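K.L.:
As annotated in TrEMBL:
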type: REGION; residues: 1-21; note: region 'Disordered'
type: TRANSMEM; residues: 141-158; note: transmembrane segment
type: TRANSMEM; residues: 170-191; note: transmembrane segment
type: TRANSMEM; residues: 203-221; note: transmembrane segment
type: TRANSMEM; residues: 251-272; note: transmembrane segment
type: TRANSMEM; residues: 279-300; note: transmembrane segment
type: TRANSMEM; residues: 337-359; note: transmembrane segment
type: TRANSMEM; residues: 371-391; note: transmembrane segment
type: TRANSMEM; residues: 411-429; note: transmembrane segment
type: TRANSMEM; residues: 436-458; note: transmembrane segment
type: TRANSMEM; residues: 470-493; note: transmembrane segment
type: DOMAIN; residues: 521-644; note: domain 'STAS'
Amino acid sequence: MSQTTGNEPDLKEIDQSSQHYAQTEPYKVGLAPKQNLLKEFTSTLKETFFADEPLRHFKDQPRSRKLILGAQAVFPILKWGRDYNLKKLRGDLIAGLTIASLCIPQDIGYAKLAYLQPQYGLYSSFVPPLIYAFMGSSRDIAIGPVAVVSLLLGTMLSNEIDPSKNPDEYLRLALTATFFAGITQATLGIFRLGFLIDFLSHAAIVGFMAGAAITIALQQLKGFLGIKKFTKKTDIISVMQSVFGSAHHGWNWQTILIGASFLAFLLFAKYLGKRNKKLFWVPAIAPLISVILSTFFVYITRADKQGVQIVKHIEKGINPPSLDKIYFSGDYLVRGFRIGMVAGVIALTEAIAIGRTFASMKDYQIDGNKEMVALGAMNVVGSMTSCYVTTGSFSRSAVNYMSGCHTAVSNIVMSVVVLLTLLFITPLFKYTPNAILSSIIISAVLGLIDYEAAILIWKIDKFDFVACVGAFFGVTFASVEIGLLIAVSISFAKILLQVTRPRTAILGKIPRTSVYRNTQQYPEATRVPGLLIVRVDSAIYFSNSNYVKERILRWLTDEEEAVTKWNSPRIQFLIVEMSPVTDIDTSGIHALEELHSSLQKRDTQLVLANPGQVVIDKLHASGFPSLIGEDKIFLTVADAVLTCSPKLVEDA
């Protein structure tokens, strides 16, 4: 109910400047020149899909120059490559070698997370980074397999095909999903539909990532504890039952010793890197050092004979072609498309977020749609060269940034190192214990749990926090797909709630000014006797028009009750402040007509203040100004008040 005070303002208190202002003719609300339908449609289409004017560089350019600009738009390396020098090469070389030392052990572990052979993780850090280096616009993003997408793929693919019973069919479905993930990403970029991924709110992503991190870490208990028989379910209850159910006969103490020792080493290395930014290289090379030391330890002690599970054989050689393995017909085509579309959107969301983060830190711009095309192209090519879904990795990108990278050449350097590893070094990983890969993954995914962001979300927006928590518990207690579904559903629910239930506010006059603001935000703002000023903080559409009308009438009813209680002048004018109303449709105009009709029965006049261009055009097209009177539409609330106030005095 609205608040009123016993100290009702006297009309004589209006200051002299306001009286002088009232004597002048109120400025009329402007009407823009009429646009024809084609121009209006073209303008709306341009603002929706081409707000950044991607073709502005091509204006007034000769044909030869346009061809060069077109090539540079598709392959940004042709633009920044002209200014490349030895200083930049030095920074990119160091960064590339550093992220290569981090990615090699991670790739082997992430491939296992996706239920693929270890070499497929390495394949995915060879071809896709090369494609991205030529087509991507981010200088800092490091490309490769990531934990969340690997888990998502592994979970969804294993629901269709058992990877242990049908490894060949499983691989084919994984490559098919990768192909359609790339198609989805490229399509979103080509048709400039990147704004669709923004429907997954930041809060939902924070919760989803944290839940995925917990799930991934729990999945690694199989390798960390040396358990041979482990559940394929990902929810926390099933995993913990599997862990404790095998405690008496399934755990291997040598495996636990290796895993715990190196996990402590990795966490200590990360701690050093956070404490001293100059030691960023310590957590970057710690995984590779851990792999080398643990592999050497297992080899000389033959711990594999004591039950310590090892990687065993990693196939040697570069990526074999795999176009013939992709399903282009049959039942698995549809399944691969569905899985690929989900994985592609999640991978895209992560990559765009990472790219924007580091671009803002270095004060340069990335083109989101070009990024989508680049990511899509690298996954399509990757699916044809035995790679699974890749995207930007936050941990590697952070190391890339800290290492002093200048351009995407760091991805090329990393790719070359991975190539050399595939050609010459893979046999050396034979005795690498699975426990060390589990430790590397656990230490990597812990960074995905951003509790500080969750606390901030709680402080800022409780509904956002519900989305965050819902996504988190959906992933941890159900599955990755359920968590993702909850995240998307709550994000859409928030949008629907904001659209269908927009905020409204009662306005009062700030003392010694002609400014009118929300009386809840500014308690010192005073009401004008005989007037009720309401602001609508949203566009008025079919989805909320009835609510807006009823809410305004409820404000009026509350005010009339307060007026009766305080023996104040009755409400003769209802002023609707329409500055925040960006648009209105036929349902909205019909609601205003019904509001006007209801107010007439109460002997109250409807007044509008500052409707925008789109709104006033539609109101005039409907004839609404003629209904309420052209003189009842004002440029500002102050104009409306100063025009209506003398009428109140005359009627008194």
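Our numbering is plain: 1 for the first residue shown, then up by one each step along the chain.
A Cβ is built for glycine as well, from the same backbone N, Cα and C atoms used for every other residue.
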K.L.:
Among 170-191, 251-272, 411-429, 436-458, which stretch has the highest count of C-beta pairs below 8 Å with the transmembrane segment (337-359)?
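P.N.:
Per the Cβ count, the answer is 170-191.
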K.L.:
Would the transmembrane segment (251-272) count as touching the transmembrane segment (203-221), if touching means at least three Cβ pairs under 8 Å and pairs must be 6 or more apart in sequence?
P.N.:
no
K.L.:
Taking a Cβ cut-off under 8 Å, which residues six or more beyond the ends of the transmembrane segment (170-191) line up next to it in the same chain?
P.N.:
49, 114-116, 120, 153, 156-158, 160-163, 197, 322, 325-327, 332-333, 335-337, 339-341, 343-345, 347-348, 368-384, 386-389
K.L.:
Which bits of the chain, at least 6 residues beyond where the transmembrane segment (279-300) starts or stops, bring a Cβ under 8 A of a Cβ in it?
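P.N.:
For the transmembrane segment (279-300), the sequence-distant neighbours (Cβ-Cβ under 8 Å, at least 6 residues beyond its ends) are 98-99, 101-102, 104-106, 258, 262, 265-266, 269-270, 272-273, 308, 310, 399, 402-403, 428-429, 431-433, 435-436, 439-440, 443.
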K.L.:
Looking only at the domain 'STAS' (521-644), what are its DSSP counts of helix, strand and coil residues?
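P.N.:
The composition, in the requested order, is 64 helix, 21 strand, 39 coil.
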K.L.:
How does the model score the domain 'STAS' (521-644) in terms of mean pLDDT?
P.N.:
93
